[in-house]
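Here's the structure we're looking at; comments come further down.
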Amino acid sequence: VQLWITVNCIFLLVKQKKLFESRKDLSDADCNCCSRVVPNHYQHILAFAFAVKEINENPQILPNLTLGFHIYDSYFNAQQTYHGTMLLLFTMESFVPNYTCDTEKNLMAIIGGLDPETSLHMATVLDTYKIPQVGFPLFLSLCTMGVSHFQIRAFKLHLEMCLSFYQMVPKEMVQYAGIRSLLLHFRWTWIGVIVMDTDTGERFVQTALPFFSRSGICFAFIEKSRTLTFVDKIEDILEQGVKIYAKVLNSRANVFMAYGESYSVAFLRWLPSLSEAEQESNMSKGNVWIMTAQMEFTSFVYQRSLDIEITHGALSFSTHSNDLPEFQQFIKRRNPSNTMGDGFISFFWQQAFSCALPNQGVHDIGGDLCTGEEKLENLPGTFFEMSMNGHSYSIYNAVHAVAHALHAMSSSRCRHRKIGNGQGLQPLNQEQWQVPPISICTESCHPGSSKKMKEGEPFCCYDCIPCPEGKISKEKDMNDCNACVDEEYPNKNQDLCIPKDITFLSYEEPLGLCLACLTLSCFLTAVLTLGTFLKHHNTPIVKANNRDLTYALLISLQLCFLCVFLFIGHPEKVTCILQQTAFGIIFAVAVSCVLAKTIMVVLAFMATKPASQMRNWMGRKSAMYVVLSCSLIQAGICTMWLSASPPFPDFDMYSFNEEIVLRCNEGSTTMFYCLLGYLGFLAIISFTVAFLARKLPDSFNEAKFITFSMLVFCSVWLSFIPSYLSSKGKYMVAVEIFSILASSAGLLGCIFSPKCYIILLRSELNNREHLIRSKQI
């Protein structure tokens, strides 16, 4: 049984092709191909022939059977592909569809071709006759992608075609995932894309590019390069190449992805020579080209003198290959003089070495005559490789796969067998770059800033704006800045939230310590004043105008100074309740005492008139009634406050960006201002009465002193309200403390300083004669 398998050997320009065939060796035939060949593709033919040779020499595979083959050239042309496929199916010498004249040559499978379109052209014919086809290298696997009606040129590929097609390479989505991982690893998110203007190129644009976009990769440009099929298109293709290369040079991207066929690298090598720009301009940019697996680093013969600078640093995906030492020996033994039946070697030899073989009838090749002793290993790598590349290895494996399938079928049993030598993947040879190139539209937005999209630009082109005050961004390329939680605040770079410090008005800080010292000084002054009055208890100046009210006022002023210490230190529930209630009640007592003293001055003057009933109101009880009644009203207000909404410790998160202020919350602001309002009411009454009585005859001018003290008191608390409302945090507490000290010190100084002056410094005035003389005046 003979097995005939077709493989498409790719040449660029189309001329009449010739067949060569073989059983165990290649039979005589010649190939009058075009003068512009891709020499590297000759290795595919050798890999195919080497695989058939291995199988025929192995007694364990298809014993008593010999494999033979035909090879046709597709010429990248649908018409030639269809013609060659029909010849393989029906006849060897004449084209008669549905007729086979050579029945001893049983066609069992076909391998081909080198590009997806060639494979599809073949599949439309082979599926009709259910001839197995092994696709190479990257057949657009519509079978696995679930597409039942995908139009390619002028026909539709149906799912039934998948029944006789076998793909010998990984799915394209695997390669797309690898490309995406490479781009993301190096943060190449701004790239240019060049694809061949074919159906497979369009499929790549529709499938792969959205797949990349979903991972944050965007494209500086997407250019389609026309395929070179007919000679009359060459000028248009060259003109388009100039435009593409100009776009590459002018692009801000430094990474470019090329998707094409096996010969597409040869097209890329044209670009620098086609452009008017200097080639060094491309090199200075440090561009990186990423090429897909179906693209081979090949050259046309006429590109021998062109350099390969544009491909320096290129990254190419490739299918798995393996080094077969026997294959290298197989290649080294081949030359035109000792290789019989290889109709391709003569033309390949002349094109690769730029020489002419004798008696070949080739007139368009310049140079010397070929000796036949030229060495293949001396050819550039873009012309011919001694080691088996990925595409050739896929052909090699495809032949072995078909042979093992036939062997299993012929032996009527299925076994697990190895393909090739059964070795696994070899480790990759990796070369680390010192400084990988950067290809992004915009530099990453550093932490502390966020992205702002540019109108009319792709999503990976944006401006970086600093985060607003109070917000941060911890990572790069944040779309929005985030606010810190209430317990934290942004650092200076706005890339981290720092816990806020909890603060309150304490004795450790300068403000708290100064207020505490000032309070203590005022308290000691009040104590000394009370001590002075107690020491001179029986002197006329002390006994004048009700000594009990004087002592009550001094004691209440001392308590006013002491209540300041409730405002300093760590706020607790008890201290918060005592702060305002103690302050309100004690101040009410102090102001009530002042009011009572003023009323006593007025009553004393009125009692001097004959038959006045005011004498009945003179005495200690009347003064105590005034003090108690006024104080009880304030106590009632405080009781209602504590019952409805008492003060409590609270955290002020918002007054300061970097601090949490622990202070006492009033609970009910209304009740707090009611307390202050009542104190103001008492002060205004006291001021009014004292002002009206300032010219009445009185010992030591006490009404005048009370008038001045109430003026200070009212001024302090009137200024307290705007100051309190405009302050924040612990400074609100400081303002209230200062108001308490100022108003208390005003009462102490204005009322008692003149009396202390007389008691301590002008004792001669502290007598009854002076008191009587003052009243008479």
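Cβ coordinates come from backbone N, Cα and C, glycine included.
The transmembrane segment annotation in TrEMBL covers 510-530 (among others).
According to TrEMBL, the domain 'G-protein coupled receptors family 3 profile' annotation covers 511-775.
As annotated by TrEMBL, transmembrane segment applies to 551-570 (among others).
Annotation source TrEMBL lists transmembrane segment at 582-605 (among others).
As annotated by TrEMBL, transmembrane segment applies to 625-644 (among others).
Here TrEMBL flags 670-693 (among others) as transmembrane segment.
When Cβ-Cβ distances below 8 Å are used as the criterion, the transmembrane segment (705-725) is approached by residues 591, 594, 597-598, 601, 676, 679-680, 683-684, 686-687, 690-691, 694, 732, 735-736, 739, 742-743, 746-747, 749-751, 754 of the same chain, each at least six residues removed from its ends. The transmembrane segment annotation in TrEMBL covers 705-725 (among others).
Among residues of the same chain six or more beyond the transmembrane segment (731-752), those with a C-beta under 8 A of the stretch's C-beta atoms are 505, 511, 515, 518-519, 522, 525-526, 529, 533, 553-554, 557, 560-561, 563-564, 567-568, 583, 587, 590, 594, 663-664, 702, 705-706, 708-709, 712-713, 716-717, 719-720, 723-724. What TrEMBL records for 731-752 (among others) is transmembrane segment.
Contact between the transmembrane segment (670-693) and the transmembrane segment (510-530) is not supported: fewer than 3 Cβ pairs lie under 8 Å, counting only residues 6 or more apart in sequence. For the transmembrane segment (510-530), the residues of the chain that approach it from at least six positions outside its boundaries are 551, 554-555, 557-558, 561-562, 564-565, 568-569, 730, 734, 737-738, 741, 744-745, 748, 752, 756, judged by C-beta separation under 8 angstroms. For the domain 'G-protein coupled receptors family 3 profile' (511-775), the mean pLDDT of the prediction comes to 84.
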